[in-house]
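Read the structure below first, then the notes.
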């Protein structure tokens, strides 16, 4: 039973990644999270909220440059149980 669930989940990931690979115009990685523009630090604080059924990912973000610097923001992104497709909605808090 557990093996069947794992195979089903793996097949779902493979289908989603295959669909992403058809976008040959993008220079963004297929699996690693990246913002649409700007600089981001390494992801931190990845945790699962069982109450909401969502994964949370936190990282520092500079929307105005491709290197670290001010203004700097903490960003929280969320995803469902697949942990592959994140909601493109930044919840931002400025670092002061």
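Note that the numbers count up from 1, one per residue, in the order the chain is shown.
From the backbone N, Cα and C atoms, a Cβ is placed for every residue, glycine too.
As annotated by Swiss-Prot, active site applies to 42, with the evidence given as sequence analysis. According to Swiss-Prot, the feature substrate binding site maps to 39, 40, 41, 42, 60, an assignment based on similarity to another entry. Positions annotated as N-linked glycosylation site by Swiss-Prot, on the basis of sequence analysis: 23, 64, 76. The annotation signal peptide is assigned in Swiss-Prot to 1-19.
Feature annotations (Swiss-Prot) mapped to structure.
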| residue | record | DSSP class |
| --- | --- | --- |
| 39 | substrate binding site | strand |
| 60 | substrate binding site | strand |
| 76 | N-linked glycosylation site | strand |
Note to self: Beyond the listed site residues 39, 40, 41, 42, 60, identify every same-chain residue whose Cβ lies within 8 Å of the center of their Cβ atoms for the substrate site.
What the structure shows: 43, 59, 61, 62, 68
Note to self: To the nearest Å, how far is the Cα of residue 40 (substrate binding site) from the Cα of residue 64 (N-linked glycosylation site)?
What the structure shows: 11
Next item on the list: Determine, using Cα-Cα distances only, which of these recorded positions is closest to residue 64 (N-linked glycosylation site): 39, 41, 42.
Entry: 39
Checklist line | Span of the substrate site, taken as the largest CA to CA distance across 39, 40, 41, 42, 60 (Å, rounded to a whole number) | finding: 10
Check: Among the recorded positions 60, 64, 76, whose Cβ has the fewest other Cβ atoms within 10 Å?
Finding: 64
